[in-house]
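Colleague: Heads up, here are the entries from TrEMBL:
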type	residues	note
ACT_SITE	Cys121	active site, proton donor
BINDING	Lys23, Asn24	phosphoenolpyruvate binding site
BINDING	Arg97, Asp311, Val333	UDP-N-acetyl-alpha-D-glucosamine binding site
DOMAIN	9-428	domain 'Enolpyruvate transferase'
MOD_RES	Cys121	2-(S-cysteinyl)pyruvic acid O-phosphothioketal
Amino acid sequence: MGTVLTIHGGVPLQGKVTVRGAKNLVPKAMVAALLADSPSVLRNVPEIRDVEIVRSLLTIHGVTVAKDEATGDLTLDPKGATSAPSREIDAHAGDSRIPILFCGPLIHSIGEAFIPDLGGCRIGDRPIDYHLNVLRTFGAVVDKRPGGIAISAPHGLKGAKLELPYPSVGATEQVLLTAVKAEGITELKNAAVEPEIMDLIAILQKMGAIISVQTDRVIRIEGVSHLSGYNHKALPDRNEAASWASAALVTRGDIYVEGAHQSDLTAFLNIYRKVGGAFEVEDEGIRFYHPGGALKPLVLETDVHPGFMTDWQQPLVVALTQAEGVSIVHETVYENRFGFTDALVRMGATIQLHRECLGAVPCRFGQRNFRHSAVITGPAKLHGADIDVPDLRGGFSHLIAALAAEGTSRVTGIELINRGYEKFMEKLQGLGARVELAETASVSG
Ligand SMILES: CC(=O)N[C@H]1[C@@H](OP(=O)(O)OP(=O)(O)OC[C@H]2O[C@@H](n3ccc(=O)[nH]c3=O)[C@H](O)[C@@H]2O)O[C@H](CO)[C@@H](O)[C@@H]1O
Ligand SMILES: C=C(OP(=O)(O)O)C(=O)O
């Protein structure tokens, strides 16, 4: 049995969608609740799979997670925190990237952690060497075991001077979640400063942490011995907002994204305007629309914040297939994030991948045989196809390509999209998309 989504293309998406708390913040805020000695309340929580995974991981570690059915708010009470049965931890292997962030909080609360093998999008190797190196510098002992890693700190966790080789989001969060209760002062150089990290810092500060964000990617943390629960409204999901914005452009539609927050999307909005999209910023959201006429090609590089976020790249590439002329996209964050373009080419797009850095600045992947630059020639007439969703953003980009295409597409593997897009079927239907879900006995991709 499998679920097949049938999409009849050619309908401009029009209407309103609401984005709630960010996938890249909410699960981490839930992990932070483990650091407290009283309950936390998290608001604006989306119904996505990554939240369910972390809820389950917290629950098996003795944290009580209660959901207010009317508001969706979560109350997380860590007072019963304890080791989890390995069988139940193993069941979470391959689920998401968040478990690695349990290391510091679990050591602080119960003295040890067992972290199952990670999941998340397959868009490169996604090693965890930075995470393990910073944990070791704090004094943790890391033991690789079949199915995961065991971590403990027989002599406690102590603040340290650290520098990341690259401003990794997850490794910066690892440092924050560990340093807040480590003994002494931690200084992190080359930290990531994405808005979701700033929101995590806001949460930790509400809990009683002492953290200063200094110039040039330096974060300084003074460890404290106790933290209290927080009450926090998660920042909205800027990546989902950017996805719907691209959907409006690709389908020549008009979508008001309630919850979209201008200052978290500055780099995206500049590119959106340059490619020929229009937007109107309101207090509660942003209206994104295709103003008519031809889209313009451009040259674009993904980067860490405040640059153009890598998770915005895939849906925007679909818009670039409709621009008049040649666009270049240089992916500098992940070495293997253009796999999704194969399906776009099958749908009629002209996209060539190159190993060279086709950007202003050579990146880490230049001489290493990774096809991480894309040349997109438009406008291309897209036609429907059978597609198997490869990953979260790639999958969303396939959906919007199918929505713009002539004819019918059959999409499998859409469960992956639930990991980051809340109620996307309802949202698509609300925007006028002609989509149908069906269960089938045999699925051909
Ligand atoms: C759940 C979550 O928040 N996911 C986001 C997070 O992923 P995530 O935190 O996994 O991404 P990172 O910022 O850590 O990764 C950036 C780069 O650093 C490399 N690296 C990272 C860690 C490490 O130990 N070693 C190493 O080499 C990665 O392979 C990648 O090339 O930030 C990414 C970059 O903004 C986003 O695309 C993801 O949506
Ligand atoms: C890469 C992504 O997520 P994750 O890090 O959870 O795999 C994403 O959200 O596009």
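Backbone N, Cα and C atoms are what each Cβ position is placed from, and that goes for glycine too.
TrEMBL entries are annotated by machine, without manual review.
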Colleague: Work through the recorded positions one by one (Cys121, Val333) and point out the residue whose CB has the fewest other CB atoms within 10 angstroms.
Modeller: Cys121
Colleague: So around the UDP-N-acetyl-alpha-D-glucosamine site, Arg97, Asp311, Val333 aside, which residues have their CB within 8 A of the centroid of those CB atoms?
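Modeller: Once Arg97, Asp311, Val333 are set aside, the remaining close residues are Asn24, Gly120, Cys121, Ile123, Val169, Thr310, Tyr334.
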Colleague: Near ligand 1, which of the recorded positions Asn24, Arg97, Cys121, Asp311 have CB less than 6 Å from any of its atoms?
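Modeller: Result: Asn24, Arg97, Asp311.
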Colleague: Quick one, of the binding-site residues Lys23, Asn24, Arg97, Asp311, which Cβ has the fewest other Cβ within 10 Å?
Modeller: Arg97
Colleague: Just checking: which of the recorded positions Arg97, Cys121, Asp311, Val333 have a C-beta under 6 Å from ligand 2?
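Modeller: Correct list: Arg97, Cys121, Asp311.
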Colleague: Can you work out the mean pLDDT of the predicted model over the domain 'Enolpyruvate transferase' (9-428)?
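Modeller: A mean pLDDT of 96 is what the model gives the domain 'Enolpyruvate transferase' (9-428).
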Colleague: Do you see any of the binding-site residues Lys23, Asn24, Arg97, Asp311 whose C-alpha is within 10 Å of Cys121 (active site, proton donor), and which ones?
Modeller: Arg97
